[in-house]
Amino acid sequence: MGWDIITLPTILIVDYISGLVSNVFILSVHFHCWLKGETLSSSDLIIVGLAFSSIIYSLVKCSTCIILFYSPGMSSLRPIIYTLCFTSIYSFYSSTWLGTCLCFFFYVKIINFQSRFFSWLKMKIDTLVPWMIFAAEVFSVFNSLLYIFTYLDVNPVNSTDPFFSSQISSCRTTYSFNPSFQIINTFIPILIATVTTSHIIVSLYKHIHRMRQNIGDGDGPSLKVHKRAAFTMFHLLVFYITVYGITVGFVTPQGGVLGWILYILSSLYAFVQSIILILGNNRLLQTCVKILNRLRPKILP
C-alpha cells in the first residue's frame with residue numbers, strides 16, 4: 001500500500017489553500033461590516049483574531065510544503081526554516097488561545113453567576129475582550145520565541161522509511177513540540193474549554209427543561225443564541241482535542257501511511273476551524289448561503 005510522492009504535496013497544498021480561502025472569507029465579511037459602520041461584537045473580534053491567525057498558519061504551511069517538496073535546496077537555509085517555524089508555531093498557539101478566549105467569553109456571557117467577582121466579570125467582559133486578545137497574542141509570541149531559541153533543531157534527520165524523504169523528516173523534526181510547551185499551549189487551553197463548555201451545556205439543559213415544564217417552550221430567541229454559542233463551543237472543543245491528539249502523534253515517530261494521515265489531518269486545521277466558526281455565527285452563515293446561492297446557477301447546468 002503506497003502513496004505517490006506527487007499526490008501528497010498536492011493534497012496538502014489544496015488543504016492549506018482551502019483554509020486560507022475560508023478564513024479570508026471570515027475576515028472580509030467582518031471587514032465589510034466594519035466599513036459599513038456596523039459595530040463588531042466582542043465575539044466577532046475574537047473570531048477575526050482566529051481568522052487572522054489561521055490565514056497566517058495556512059500561508060506558512062503552504063509555503064513550507066512548496067519549499068520542502070518543490071524547492072528542497074531552500075530547506076537548508078536556516079533563516080528561512082527559523083522564520084517559517086516561528087510563524088507556524090505562533091499562529092498555532094495564537095489560534096488555540098483565541099479559541100479558548102471565545103469559549104470563555106461565551107461562558108461568562110451565558111452563565112448566571114452568584115459570585116460577586118464573576119458578576120462583575122460578566123458586566124466588564126466586553127471591555128476586557130480586546131485585552132484578552134492582546135494577552136493571547138503576546139503570550140503566543142513569547143512562547144514561540146522561547147521555543148525557537150531553546151528547543152528548535154533544524155538539522156536534517158534522514159529517515160529509513162521509504163515513504164519519507166530527508167526533507168520531510170527535517171520538517172517533522174523542525175515542527176516537533178517540547179512536552180512542556182504542549183501542556184502550556186494545548187492541554188491548558190483544552191482544559192479551560194472543557195470546563196466552560198461542559199458547564200454551559202449542563203446549565204442550558206437544566207434551563208430548557210425548566211422552561212418546558214413551566215411554559216411548555218424551551219426555544220426562545222435568547223436561548224437560540226445560547227444554543228448556537230454552545231454548539232460552537234462544543235465543536236471547537238472536540239476539534240481541539242482531535243488536534244491535540246494529532247500533535248501527540250507527530251511527537252511520536254510515525255511512518256508509512258499513518259505518517260501521511262497525520263500530515264493530511266493537520267493540514268485541515270485552519271479549514272475545519274473556519275467551518276465551525278461559520279456555522280456558529282449567523283452573519284457568516286447567512287453571507288455564505290447567499291454566495292453559494294449565487295454561485296449555484298453558474299456551477300450546476
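Positions of Cβ are set from backbone N, Cα and C atoms, glycine also.
The transmembrane segment annotation in TrEMBL covers 6-33 (among others).
As annotated by TrEMBL, domain 'G-protein coupled receptors family 1 profile' applies to 22-244.
The transmembrane segment annotation in TrEMBL covers 45-69 (among others).
Among the features that TrEMBL reports, transmembrane segment is placed at 81-107 (among others).
According to TrEMBL, the feature transmembrane segment maps to 128-149 (among others). Same-chain residues lying 6+ beyond the ends of the transmembrane segment (128-149) with a Cβ under 8 Å from its Cβ atoms: 42, 45-46, 49, 82, 85-86, 89-90, 93-94, 97-98, 101, 104-105, 121, 177-178, 181, 184-185.
Annotation comment: TrEMBL describes 187-208 (among others) as transmembrane segment.
The transmembrane segment annotation in TrEMBL covers 229-251 (among others).
Per TrEMBL, transmembrane segment is recorded for 257-280 (among others).
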Counting Cβ pairs under 8 Å to the transmembrane segment (81-107), which of 6-33, 45-69, 187-208 comes out on top?
45-69
For the domain 'G-protein coupled receptors family 1 profile' (22-244), what's the model's average pLDDT?
79
